[in-house]
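Over in Swiss-Prot, the protein carries these features:
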DOMAIN    112-268  domain 'CP-type G'
BINDING   Thr157, Lys158, Ala159, Asp160, Gly210, Ser211, Ser212, Gly213, Ala214, Gly215, Lys216, Ser217, Thr218  GTP binding site
BINDING   Cys291, Cys296, His298, Cys304  Zn(2+) binding site
REGION    340-363  region 'Disordered'
Amino acid sequence: MSDTSPDYPTLQSIGWPWLGPPEEAAWQAVFAAHPQALPARVVEQHRTGYVVADTPEASVKAESLPEWQRPRFPSHERAAVGDWVLMEGKRIVALLPRRTSIKRGAAGEHYHQQVIAANIDTVFIVCGLDADFNPRRIERYLLLVGGGGAQPVVVLTKADQTEYAEDALAVLEELEAQNIPLRAVNAKDPDSVAALRPWLGDGRTAVLVGSSGAGKSTLTNTLLGTQKMKTNAVRENDSRGRHTTTHRALIPLPSGACLIDTPGMRELKPTGEEDLAEGGFSDVEALAAQCRFNDCAHIAEPGCAVRAAIDAGELDPERVANYMKLRMEVASAAEKLATRVAQNNRGKGSGKRPASVDRPGRH
């Protein structure tokens, strides 16, 4: 780690968004509050702490802020892989504002959010063209990405192992019509993976998300040109794999981009902040706005534009059913979020943190 002044050209090689000092007022304010601190990026996140770097070649274990160790501290306010922090020696002294992120409602009874990755330009939603192929799961990922500021790109792997690649692409035509890029690749073939180059330019950051066994680690190895990430075989009966990646990590690529690999996620719960129109359902939302009744359930109501589109073969009924399910989940999560915010506000007024606020998420 540098102990003198920021080396901005080197920081750019791990995703620093400016040619020199920060240009956003919110970042400038944090820098001003810590004049002796230097910027670094969180490149690994473990249950026991963080690893940060200010160059592509070197990283160090970092001592986190004391408040992050408190059991009730909101998990989404802790650093995540991709975050920029200010360091004094090996100690994190401040978390810089996030420019973009992808997050989910974390598993568990109590409401809390979990940041999957921060300050990312592109989210590669990876799904295998085998028994793992699931358009509904892809739609769920698109919902979580929508509104977070990053560009979603659907990557269908194992294009060399199936005769159904064209059928899968046909199923996803509705998403492509909404300008959501789709690419089918052989994750082991560098020439095939080259289709992802437009999103992996110098200084850009991308994150790979998808279920275990989808081919994320294989894709990472191909992009790196080396077998850095461990890969496991998938079960033939259901195409599911064991978790190859056990923690989130940011990896510099030869192209000059940074790639964040993530473990497979079983639960993809909304946070309540999602926008269905931005999350892959803009066409359904536009039709819903044309329904005769504002509270139309799109089942059998007269004047339902959504049902009319289904009957005309213009919308996939399974996709609409998933839209309805996700809409209910977002509404339910939004209610829980509103309740938590109200509890937080009451807690601030009394000088105490309420008992029901964020619990630590899984790192």
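Placement of Cβ uses the backbone N, Cα and C atoms for every residue, glycine included.
Structural mapping of features recorded in Swiss-Prot.
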| residue | record | Cβ contacts under 8 Å, 6 or more apart |
| --- | --- | --- |
| Thr157 | GTP binding site | Val126, Cys127, Gly128, Leu129, Val185, Asn186, Ala187, Ala214, Gly215, Thr218, Leu219 |
| Gly210 | GTP binding site | Ile125, Val126, Cys127, Tyr141, Lys216, Gly264 |
| Cys291 | Zn(2+) binding site | His298, Glu301, Gly303, Cys304, Ala305, Val306 |
| Cys296 | Zn(2+) binding site | Ala288, Gly303, Cys304, Val306 |
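Listed in sequence order, the residues Ala288, Arg292, Phe293, Ala297, Ile299, Glu301, Gly303, Ala305, Val306, Arg307 complete the 8 Å Cβ shell around the Zn(2+) site centroid, once Cys291, Cys296, His298, Cys304 themselves are left out.
Comparing Cβ neighbour counts within 10 Å across the binding-site residues Lys216, His298, the minimum falls on His298. Taking every pair among Thr157, Lys158, Ala159, Asp160, Gly210, Ser211, Ser212, Gly213, Ala214, Gly215, Lys216, Ser217, Thr218, the residues recorded as binding GTP, the greatest CA to CA distance is 19 Å. Over all protein chains present, the Cβ of Cys304 (Zn(2+) binding site) has 21 other Cβ atoms lying within 10 Å. DSSP assigns Thr218 (GTP binding site) to a helix in the three-state reduction.
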